[in-house]
Amino acid sequence: MAPRGRRRPRPHRSEGARRSKNTLERTHSMKDKAGQKCKPIDVFDFPDNSDVSSIGRLGENEKDEETYETFDPPLHSTAIYADEEEFSKHCGLSLSSTPPGKEAKRSSDTSGNEASEIESVKISAKKPGRKLRPISDDSESIEESDTRRKVKSAEKISTQRHEVIRTTASSELSEKPAESVTSKKTGPLSAQPSVEKENLAIESQSKTQKKGKISHDKRKKSRSKAIGSDTSDIVHIWCPEGMKTSDIKELNIVLPEFEKTHLEHQQRIESKVCKAAIATFYVNVKEQFIKMLKESQMLTNLKRKNAKMISDIEKKRQRMIEVQDELLRLEPQLKQLQTKYDELKERKSSLRNAAYFLSNLKQLYQDYSDVQAQEPNVKETYDSSSLPALLFKARTLLGAESHLRNINHQLEKLLDQG
């Protein structure tokens, strides 16, 4: 031990060492600032309360441990290796690139981080609809190593997720135990217990799904049984002849049920007096029911007939209104036709009278000619009854006399002038 009064002499450091230390501190501070600025650089979009923080912690551990490692990132973050051996080789190469003094520490850290990564894979498998965020291209050269490491961790997560899905599908098809699946699908030895937990979780999910299906089938069966029991129960209805299904009422169903309950109750009673009283009560009630049903049926029939008569009356009333409108429209035409009819009737009567007169006149002339032929030497005598005929015959003679008088008067005028 050194005495208290003495101070340890500081080792002399060269300017190159100081500069390298300053540059390292600057790079670390710039990395921290870049990590704070570029928060959306994570490949998967998880909620804040999920286990994605483990992925961030893995990236920070890799920052502290592997400042000099460089990886070539894949074409996209969801790249899958063709074979499990390729994945194990790649993991072996990445592990061999670390310095030998830090391999033990790295393996212990990765075993804890891979468990948290697989838990985050569970969440991402439940939400397959999430999309990847593009990695920003505007980051500086200092941030390139960090982004490559994060892409590498995302690649590991995606490969483990696809391997878990493949192994679960093969286990469902072949129905093999989960131990053989986990032994085939694990690459590094530290990830085996976490993958076994994953398989157990998937098996529990499949069991719960099967239980849900079984309960759904049971519900379907119970529903079908209930429907079958409902269909097996037949409802008896009392309906008289000529009754329609639309006229069925509550009493039509109550009466058969009343008869059924009466029979059941009568079988349980042993006293004759009670049976007689129940029988009389049953008969009276049944008669009342039947009377009410008949009266209700009669009432429905009367209502139906009344409705039919009302509809017929309404139709006839409508037709009467139409006829009245038509009569009002044809009334002037009727008047015109009536006047024409009266005129034609008068003409017909006048023509009939004229024809009768002419026939009588012809008969009279025929009689006169016959008498004159039989007695030609007898002188004709005319009485007062034949005066109109004589005037009619003398009209021509009177006309000739007046004509001669006119001629004589004109000749006298001419002579006087001359």
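Every residue gets a Cβ built from N, Cα and C, even glycine.
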Among T78, T231, T396, residue that the record in Swiss-Prot marks as phosphothreonine: T78
From S14, S108, the one Swiss-Prot labels phosphoserine: S108
In Swiss-Prot, the member of S141, S145 to which phosphoserine is assigned: S141
Candidate annotated in Swiss-Prot as phosphoserine, out of S139, S170, S180, S206: S139
Same-chain residue ranges lying at least 6 outside the motif 'Nuclear localization signal' (303-320) that approach it to Cβ under 8 Å: none
Within the motif 'Nuclear localization signal' (303-320), residues counted as helix, strand or coil by DSSP: 18 helix, 0 strand, 0 coil
